[in-house]
Amino acid sequence: MVNRFMQSRLRDLVFLAIILFALPAFLSNPFHYDLATQMAIIAATVVGLNLLVGFAGQISLGHAGFFGLGAYFSGIMTGSYGWSSIPALLVGAVLVGIIAWIVGRPILRLKGHYLSMATLAVGFIIAIIINNETWLTGGPDGMPVPSLDIFGWELSPFGSYSLFGMELDGNQAWYLFAALVLLVAVWFAQNLIDSPIGRALRSVHGSEVAARVVGVNTASYKSLVFVISAIYASLMGGLYAHFQGFITPAVAAFDFSIVLITMVVLGGMGSTMGVILGAVVLKLLPQVLADFQELETVMFGLILMLTMIFMPKGLLPTIQMAVSKRMKKKAGGQA
Amino acid sequence: MSALIEVKGLDKAFGGVHAVEGVSFAVEAGQVYSVIGPNGAGKTTLFNLISGIYTPTKGEIRLNGESTAKLEPNQLAERGMCRTFQQMQICMNMTAIENVMLGRHLKLKSNLFSTLFRLPALLRDEQSCRQRAAELMEFVGCGEYLDTEASAMSYGALKRLEIARALAAEPKVILLDEPAAGLNGTETAALEELIRKIADQGTTVMLVEHDMKLVMGISDRLLVLNYGRVLAEGIPEEIRNNPDVIAAYLGG
Ligand SMILES: Nc1ncnc2c1ncn2[C@@H]1O[C@H](COP(=O)(O)OP(=O)(O)OP(=O)(O)O)[C@@H](O)[C@H]1O
Ligand SMILES: [Mg+2]
């Protein structure tokens with residue numbers, strides 16, 4: 001027996017892989033690759049956030065905090081303490097997971113606006129610490145981060161590589177790596193959603209009281225998904241730091257938390273492919289509207305509001321519904 | 001041998017309103033035990049107390065001899081209690097069969113590692129869980145809806161789906177709060193059949209229902225509540241002929 005997830009899962013994954021590996025045909029300069037790599041990393045972050053927001057129905061307005069913690073932990077451990085990248089990423093993820101569990105346990109009892117405010121506060125506190133601990137983080141001026149090394153193999157935007165006989169520059173190599181990371185992030189997310197754990201998570205969203213009477217410990221599951229989404233953010237923050245080679249407290253800032261949540265809402269809460277689309281669209285938008293840079297946060301707020309009012313299901317689910325309606329109409333007309 | 005469910009001096013007040021007041025009764029394993037009473041009598045509140053959703057203001061509930069005072073609904077589920085709701089509680093963000101599979105939550109042991117890597121053991125468990133859920137949907141009479149989105153199902157089908165979800169947990173005792181509400185004659189007859197089948201399997205059933213014909217025909221014992229208090233308790237014959245009950249129903 002095949003369920004709906006199994007079918008759509010494989011289809012989505014293949015579709016995404018094709019797009020990701022066909023995209024280089026349309027990328028003509030290092031700037032394009034740089035942007036596409038950032039998109040992939042942010043998209044993977046948002047896929048993790050969507051587990052919390054879209055599937056379990058909780059909210060986090062402070063997720064940039066976890067992204068920032070991951071970025072700075074990697075930056076500091078590799079830059080100042082000579083760690084290698086992989087252990088820094090993994091230890092950072094574990095620490096961020098523990099922090100998320102400690103703060104998540106009490107605040108996830110809250111609902112609605114109260115939860116929003118509490119997560120907002122968590123993000124603010126992390127951003128303030130990063131800003132103030134200048135001796136460790138460089139403060140508002142930011143800090144340089146060494147390039148990514150994977151067990152001695154260095155991946156740098158300024159390097160040059162060869163893969164199956166193809167000559168790649170550093171940006172191209174980084175893009176391919178980020179694309180792979182995104183695919184793995186999506187695969188894990190899909191596996192999680194379509195499982196007993198995933199059902200329990202979705203039931204917290206669907207009907208918390210129903211979940212409890214069939215034996216779901218809803219408090220634990222909320223904490224679990226909060227931790228998982230924080231770990232996604234931490235890992236992606238770490239990769240982002242290595243890729244950029246320089247980080248500032250902006251990676252942990254409130255503005256960025258809003259960008260992340262807007263990507264989820266715009267793309268489609270509870271749709272993994274949708275939130276990736278959301279990430280792409282909102283990452284492209286500032287490029288297109290470069291003249292309105294100082295209004296960026298306002299713009300994101302506006303998009304968030306308008307989506308919630310006029311397109312509550314989000315971009316991709318709305319498009320999919322419209323398409324399937326048209327197809328049904330067509331089929332009906334022929335019959 | 002103590003009763004499966006034992007309620008003693010149970011009280012629940014909301015502000016000044018005593019929704020349940022001084023209620024005591026016992027349910028033996030294997031019985032169909034019904035709670036009836038006029039609107040606002042406190043039937044749903046009583047179910048919410050028994051299933052751990054509310055904590056009593058006073059009094060005690062014992063499940064298999066164990067006090068349930070400190071137990072959360074999910075811990076009661078672990079001890080074999082499951083229920084449906086007067087205000088249906090269906091996960092509309094899932095398909096029909098996923099709702100039923102959710103009911104088997106406690107039967108599935110899963111860890112994060114095998115989940116993330118989708119290991120064969122997990123897939124096998126899921127497969128048999130799905131199988132079992134499909135059987136249950138057949139059993140309650142919504143077998144044709146397997147992969148239908150719950151949000152696209154009719155009211156009557158959802159009511160049965162909720163029962164299937166509760167049964168999926170393989171409960172010792174199932175609490176049904178007005179399962180016949182909103183159902184037509186044919187559907188109610190099918191429901192009566194279903195409750196009989198559940199009871200025949202040895203599951204204890206607690207039932208809140210307004211449909212007197214259904215209740216009188218199916219119950220081993222009844223509890224009549226009025227304004228939160230026990231008006232009468234006994235076998236259907238006693239309840240039918242109890243003057244207080246007749247007065248409350250005809251007068252109220
Ligand atoms: N959460 C609550 N807060 C305040 N009052 C409540 C609450 N739940 C129930 N009540 C009150 O307690 C009383 C009993 O309500 P309950 O829902 O238990 O009645 P019921 O017997 O199930 O009625 P019905 O047949 O209409 O379902 C009512 O007066 C109701 O208003
Ligand atoms: Mg009621």
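Backbone N, Cα and C define each Cβ position, glycine as well.
A quick note: this is a predicted structure, and the numbers were derived from the prediction, not measured.
Taken from TrEMBL, the feature transmembrane segment applies to A:38-57 (among others). With a threshold of 8 Å between CB atoms, the same-chain residues lying at least 6 positions outside the transmembrane segment (A:38-57) that come near it are 20, 63, 67, 175, 178-179, 181-182, 185-186, 189, 192-193, 198, 201-202, 204-206, 221-222, 225-226, 228-233, 236-237, 239-240, 243, 260-261, 263-265, 267-272, 275-276, 278-280, 283.
Residues 45, 89, 91-93, 95-96, 99-100, 122-127, 130, 136-137, 143-146, 229-230, 233-242, 247, 249, 251-257, 259-260 of the same chain lie 6 or more positions beyond the ends of the transmembrane segment (A:64-83) yet place their CB under 8 Å from a CB of it. As annotated by TrEMBL, transmembrane segment applies to A:64-83 (among others).
Taken from TrEMBL, the feature transmembrane segment covers A:89-107 (among others). Same-chain residues lying 6+ beyond the ends of the transmembrane segment (A:89-107) with a Cβ under 8 Å from its Cβ atoms: 66, 69-70, 73-74, 77, 115, 118-119, 122, 219, 222-223, 226-227, 229-231, 233-235, 237-239.
Taken from TrEMBL, the feature transmembrane segment covers A:114-130 (among others). Remote same-chain partners of the transmembrane segment (A:114-130), defined as residues 6 or more beyond its termini with a Cβ less than 8 Å from a stretch Cβ, comprise 58-66, 68-69, 72, 103, 107-108, 137, 249, 252-254, 257.
Annotated transmembrane segment per TrEMBL: A:173-193 (among others), in sequence order. Same-chain residues lying 6 or more positions outside the transmembrane segment (A:173-193) and placing a CB less than 8 Å from one of its CB atoms are 5, 9, 12-13, 16-17, 20-21, 23-24, 27, 33, 36-37, 40-41, 43-44, 47-48, 50-51, 55, 155, 157, 159, 161, 163, 201-202, 228, 232, 236, 239, 243, 272, 276.
Long-range Cβ contacts of the transmembrane segment (A:223-241) within its own chain (Cβ-Cβ under 8 Å, at least 6 residues beyond either end) map to 38, 41-42, 44-45, 47-49, 51-52, 55-56, 58, 60, 63-64, 66-75, 85, 88-89, 92-93, 95-97, 99-101, 104-105, 108, 145, 148, 178, 181, 185, 192, 197, 201, 247, 251. Sequence annotations record features per position, and here TrEMBL assigns transmembrane segment to A:223-241 (among others).
Per TrEMBL, transmembrane segment is recorded for A:253-278 (among others).
Cβ atoms under 8 Å from those of the transmembrane segment (A:298-319) belong to residues 255, 258-259, 261-262, 265-271, 273-275, 277-278, 281-282, 285, 289, 292 of the same chain, restricted to positions at least 6 beyond its ends. As annotated by TrEMBL, transmembrane segment applies to A:298-319 (among others).
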